[in-house]
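Down below is the structure, laid out as structure tokens.
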Amino acid sequence: MFFIYGTDAPLYHYPIVTSVMVVINVVVHWAIFMTGVDVTPWILAFGDGYHPIQMVTHNFLHMGWFHLIGNMLFLFPFGLVVEGKIGWARMLALYMAIGTVQGFTQQTMMLPFDTGSDAAEMVAMFDSPDSPLDEDVKKELKSQWRKDLMQEGFGSLGASAVIFGLLAVCVIWAPSNNFDVYFRWGLFMPAPDGGIREWAISTVCAMFVAKEMFMFWLMGMPLSSEALHLNGFIVGAACGAGMLVWGWVDCEGYDLISIWGGKPYKAKAIAKREREERAKHLQSLKPKGPPQAVIPKMPHQIQSNVMATTTPSPDTPDLIPGDPVAFAGARTAVKVNLFDHDLSLPDFDDGTVLVDPVAQTRQEIDALMAQEDYAGAIALFAAERKVDRQFVLLPASLARLAAGLIRNHHTKAAIALLKIGSDVYPANAPEWRTRVASLYLSASPADPIAAIKHLKQVDKQMLNSKTRDRFLAVAKQAKEMARG
């Protein structure tokens, strides 16, 4: 048995809808349990035509507390990954779409099937114009008959199919990312090493699907709960692939299509939007009016309050790029007459001259650090990452900025910065990942699991004598804190 409690997939939104759905499912089941209300009309009936309301309501009903708890334990982590990429509005639409469509396909598949030993005779008797029964009696008998069938299991309820659909979306959008898993051999049999695991989302998906397919085959391939779970998986896979192809989600090249194709996949809509935003940003750098040059200001010209009105909290910088936006105040320029003979810079066709904006921003960040304005420096770094996802500081500047943030107690910002640097500069990664792990241990509250996860990413062959001692000390401390 195992429990999923986290993920390393890049997430840009809080799990609002996911949390609300968990609460709704629990509250609905508790209310039914306390009142004893008959939920038969809300269960997805089989062999009785189409019932659109049931296609929605059956997703929020459960057979018992164990059924409910088991579903919710997996609804939250799967929803965490999906909603973290698309936000609450699209998550709500996706959740309801998967639930409703898979309910429709269930009732469609079950239309030809007999719903009981005397089903045909019962339907004929109820619907025959020669039936001696009046309409009220027919309605009552039909209701009772349907209720009996529901009690015998000829219908479906539960969020399982939606959960399998969300799992399919996870494996399409982030197959190579990991789930943080707590594993036990049994309820009273913990794993000897503590049970902390990192399993790839694709591995978890394969386990779930393989188990359902094996049980489906073992029972002779009937239209059982396993078949309905797989039906939800197929519906979710179609929704996830469609959103990716149509550009409704940007997985930054880590999706299944990119992995299979061997190169980052980007929907045409996203590529077009990024080109337009980049063109707009470059156009904003060109000075208006007669041809003139744009050159960077010198460090002594840059004021420490360059971003006083737009600086986000340094404790929670948006270092992971979202939608690129132009950053007001992030560029400063001095106008120079092009007829100045001392000026020799490459120019555009229209006579406008621009320096490298990356170099200019790096210079501005260095100037802010020289003034010990590390909050302003990290804010400018975050703003540039929104405009240019590939922007990064040079190793020396990055290490200096991280050290300054740590000294000023901006731990979260320092961790995010060092993570980016570790991905870009492999030679510095062992030292910086070890530093990140140390910061997780010294944080309040400490997070030894996150520390262990980052230490596992360190290439031990690249450790020198100094960093090896530091690595071993942090690893030992993390293991002790995780166990105790």
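Cβ coordinates are placed from backbone N, Cα and C, and glycine is handled just like the others.
TrEMBL does not curate its annotations; it predicts them automatically.
Database features (TrEMBL):
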{"type": "DOMAIN", "residues": "53-243", "note": "domain 'Peptidase S54 rhomboid'"}
{"type": "TRANSMEM", "residues": "12-32", "note": "transmembrane segment"}
{"type": "TRANSMEM", "residues": "64-82", "note": "transmembrane segment"}
{"type": "TRANSMEM", "residues": "154-176", "note": "transmembrane segment"}
{"type": "TRANSMEM", "residues": "196-218", "note": "transmembrane segment"}
{"type": "TRANSMEM", "residues": "230-249", "note": "transmembrane segment"}
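Counting Cβ pairs under 8 Å to the transmembrane segment (230-249), the stretch among 12-32, 154-176, 196-218 with the most such contacts is 154-176. Long-range contacts of the transmembrane segment (196-218) within the same chain: residues 2, 4, 7-9, 81, 164, 167-168, 170-171, 174-183, 224, 226-227, 229-230, 233, 449, 452-453, 456, 482, each at least 6 residues beyond the stretch ends and with a Cβ under 8 Å from a Cβ of the stretch.
Model confidence over the domain 'Peptidase S54 rhomboid' (53-243) stands at 84, taken as the mean pLDDT rounded to a whole number.
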